[in-house]
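Participant: According to Swiss-Prot, the record shows the following:
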type	residues	note
BINDING	Ala35, Gly36, His37, Asp55, Phe84, Asp105, Gln112	S-adenosyl-L-methionine binding site
Amino acid sequence: MTNDFHHITVLLHETVDMLDIKPDGIYVDATLGGAGHSEYLLSQLGPDGHLYAFDQDQKAIDNAHIRLKKYVDTGQVTFIKDNFRNLSSNLKALGVSEINGICYDLGVSSPQLDERERGFSYKQDAPLDMRMNREQSLTAYDVVNTYSYHDLVRIFFKYGEDKFSKQIARKIEQVRAEKTISTTTELAEIIKSSKSAKELKKKGHPAKQIFQAIRIEVNDELGAADESIQQAMDLLAVDGRISVITFHSLEDRLTKQLFKEASTVEVPKGLPFIPDDLQPKMELVNRKPILPSQEELEANNRAHSAKLRVARRIR
């Protein structure tokens with residue numbers, strides 16, 4: 001693994017083990033990142049098994065070529081540089097119409113956070129960027145400097161759940177009328193100055209929720225996850241499984257709702273039985289999310305908000 005792409009994988013064994021790996025199966029890592037889940041999954045595959053790994057960050061793929069070299073050499077892994085919202089079309093283009101399992105590790109990866117110039121972190125001074133795919137045009141700079149007051153309030157409330165959304169949007173509007181807002185430090189200071197003294201005393205960085213909101217907007221993270229998870233459930237073979245790690249309430253709520261819709265059925269009252277074509281296609285493997293162990297929490301601070309949900313295809 002390259003030194004500039006260090007990443008501690010969260011819920012490593014739980015996420016992969018819950019897929020109930022078949023040695024000759026076809027699997028997908030929808031969020032390659034530091035390749036931790038991919039490496040562990042590949043270690044359980046036989047010579048006829050295969051892994052397709054998605055990431056829209058070329059650096060992640062370059063790193064994985066090094067970390068997973070022995071599996072690259074045996075032809076057991078295929079890397080796909082694309083947003084996982086294009087999961088189905090990419091796999092079908094490669095002749096894959098059915099998979100035995102898929103895992104997701106949602107949100108931004110540690111290497112992206114740690115790479116200062118990517119502009120994801122409110123802890124380091126950097127240009128406002130926040131693109132997971134550096135080839136796309138929309139950046140955090142565009143959101144902060146061109147979105148209307150009402151659009152800023154909308155995304156701050158919806159994606160950041162910050163009760164000071166209106167005050168922050170108004171302050172951004174005032175500052176950018178005088179000059180453009182170019183850096184993460186400038187934005188973090190604006191956010192901080194928009195909050196009450198009482199709020200600033202609370203635990204956690206005052207800019208965290210707003211940075212999350214802008215990042216989700218720039219990358220359409222929830223829209224992409226929604227589309228991809230639905231495609232994944234359609235691609236699963238019977239008895240195939242899907243594991244999803246989330247890191248904040250919006251991701252977890254979305255995953256929980258998608259799994260619920262696929263594992264329950266609404267039928268007209270008085271119907272004596274549920275016809276086969278109305279039966280749910282999925283079942284929940286775990287009713288409540290799996291959380292990191294105390295040992296993992298002590299070893300990896302990023303694991304604190306992680307939740308793992310798993311579902312299985314039943315028809």
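Every residue gets a Cβ built from N, Cα and C, even glycine.
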Participant: For each of Ala35, Phe84, count the other CB atoms within 10 A of its CB; which of these binding-site residues has the top count?
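Facilitator: Compared across Ala35, Phe84, the most Cβ atoms within 10 Å surround Ala35.
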Participant: Taking the Cβ of His37 (S-adenosyl-L-methionine binding site) as reference, which residues of that chain separated by at least 6 in sequence fall under 8 Å from it?
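Facilitator: Those within reach of His37 (S-adenosyl-L-methionine binding site), by Cβ under 8 Å and sequence separation of 6 or more, are Thr9, Leu12, Thr15, Val16, Asp29, Thr31, Cys103, Asp105.
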Participant: Would you count the other CB atoms within 10 A of the CB of Gly36 (S-adenosyl-L-methionine binding site), including those on all shown protein chains?
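Facilitator: For Gly36 (S-adenosyl-L-methionine binding site), the count of other Cβ atoms within 10 Å is 20.
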